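Written out below as structure tokens is the structure these notes cover.
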């Protein structure tokens, strides 16, 4: 197959097409593809010949952006098997086949039906094949070839990042790099000069220049001043075809701003200023402003103002407002027109950030003079003191002078002053003031113990101008007089032990006085002299504002007397001295050997036996529970009626023994023998054996005289009949034994029951020294002795 190159259509490209044809004929030649041939000779076998195929040229070129009315001829395919009779059919497949590229299947001519853009696709890969039209069999193998889109200069250079915004410091050296711009060209950089770009400056000269090859923009002048011109608009052009005529171009704008440097010193617009300030200006308030101009901006224009000298440097101060860069003049001390009418200040304004590269343009500071005129103002009265402290006694009568305040008009007119008290608080109502003299007097009676100090406010105004008012605080201290008698410091709980010894201190007391220390700090304690000598207690004044209560006898008994009362007389050391009487209550308590109080109640003897309150409650609770169980058991027994005779299997003999022994015949408290001797009396008095009867025991004479009249045998028979007929007794045999022990012994009784009626002169105080084992015994005999003494 031979591929013939396309012929030129455009007259401009005749030379290019001619070179292309020559290049194709000289170097590529033709592709001859010889198909397989088979000869059939009669009488001979079939001979196969090897096909010959030669590749000379395998690509076409087609110009991009073809705008002609007819399809653009690309080239021709030709097979060596084609004899021109139309038996060969050419087929084209691959990229764009049938849509962009079409082929004449008879002649093999290839045409482009669309305008191509190399920047979108640079080449197309296609496949060509020649087949037999009748048999559709390939005459030779498929061939691959490429159609390249040939570039033309149809794309102008573009600045993809523009427009640009850039800054450069003012006063920069000439040639300082500002920015590098880059333009791109979509044409083929390997073919001709279509993509070769050259830069030039269209606008911005003579301030800036651009490198034609690199696109670097530089400053073109020395010392470009921002204060003269700040913004520049530079237009840069990029042209392809190496800048030749006919090349395409594109441009962009570079906005360049000169940034500020501190190259301008501050300057005051004037060298002399004058300021009016009234004398009524408040200390700390702003009275004026001043500003030095600086052509720079930002931190390069930051300023600091100072007062470098002048007679008003101690009266005025200056600070800098960072926002407005102004100097704020403030008042440090009050002004007085009558003393000084003007001040002079030298004020300096200096940059805080100095660039030493431009120090030759300095100095970066400036000085101006400010004259301040003090204005005369009608001022309110001025008190001679900033505050007053006065004193008055608490017993002072109404109208007593307390003190005097004084105020004067500071102006030259020296107007008269009127005084008054603003009755805004309750404390102000305790005082009055003379409007002309300023003398303060009492209006109520004072009580130092209730309010020891008063704070009032006195006002003064000019008579000619009542609207100008000044105030002064006045403190009044209420002095003390001795008008409160002393009292006991607290309610004392005084306790004396039963085993106390004479002269023992049982309590130390002290007193308080509502008056201050000058009228009652010294206390004297004593017993009331109008009463008789107390035999139980005495008082000792300790001379240190305390007193001690002492015992006067050896032992005390709480069963005899559990409380004593001791009147105490207390006097202070004031002028005149005052006194009061108080009564101490002294309780008698049982104490341990070391003095600790054990109990103070006369009825609490069980506690002395070593049982606590909790233990007693537990014991009582157990007793109540046992009694409830017994009552419940008896109730159930009585409600249950059982037959007296039960089956023989349940018959059993029980002997109930009551082993209750008394204290003998003489022990009349344990068992009443009259019930045994006199059955009729027993019927009348049936006592419970678990409760002690409330009857007096019979005397021995009466008991012995009644023994002869008692029929014991009859009494026993009667009890036997009652036991047999009683339905509440158990249904089995029981044994009740009654015995009579006889008359009393001739030797007498050795029981200790009657020993309480005898008296002994023995002293049992030594039992207290025997230790804790004999403590209870010592207390019992101590109480007996105390009762005998009483």
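Each residue, glycine too, has its Cβ placed from N, Cα and C.
TrEMBL annotations:
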{"type": "DOMAIN", "residues": "79-159", "note": "domain 'Cadherin'"}
{"type": "DOMAIN", "residues": "160-268", "note": "domain 'Cadherin'"}
{"type": "DOMAIN", "residues": "269-383", "note": "domain 'Cadherin'"}
{"type": "DOMAIN", "residues": "384-488", "note": "domain 'Cadherin'"}
{"type": "DOMAIN", "residues": "488-605", "note": "domain 'Cadherin'"}
{"type": "SIGNAL", "residues": "1-24", "note": "signal peptide"}
{"type": "TRANSMEM", "residues": "615-636", "note": "transmembrane segment"}
Helix, strand and coil counts within the domain 'Cadherin' (269-383) (DSSP): 10 helix, 55 strand, 50 coil
DSSP residue counts for the domain 'Cadherin' (488-605), split into helix, strand and coil: 4 helix, 53 strand, 61 coil
For the domain 'Cadherin' (79-159), residues assigned helix / strand / coil by DSSP: 0 helix, 35 strand, 46 coil
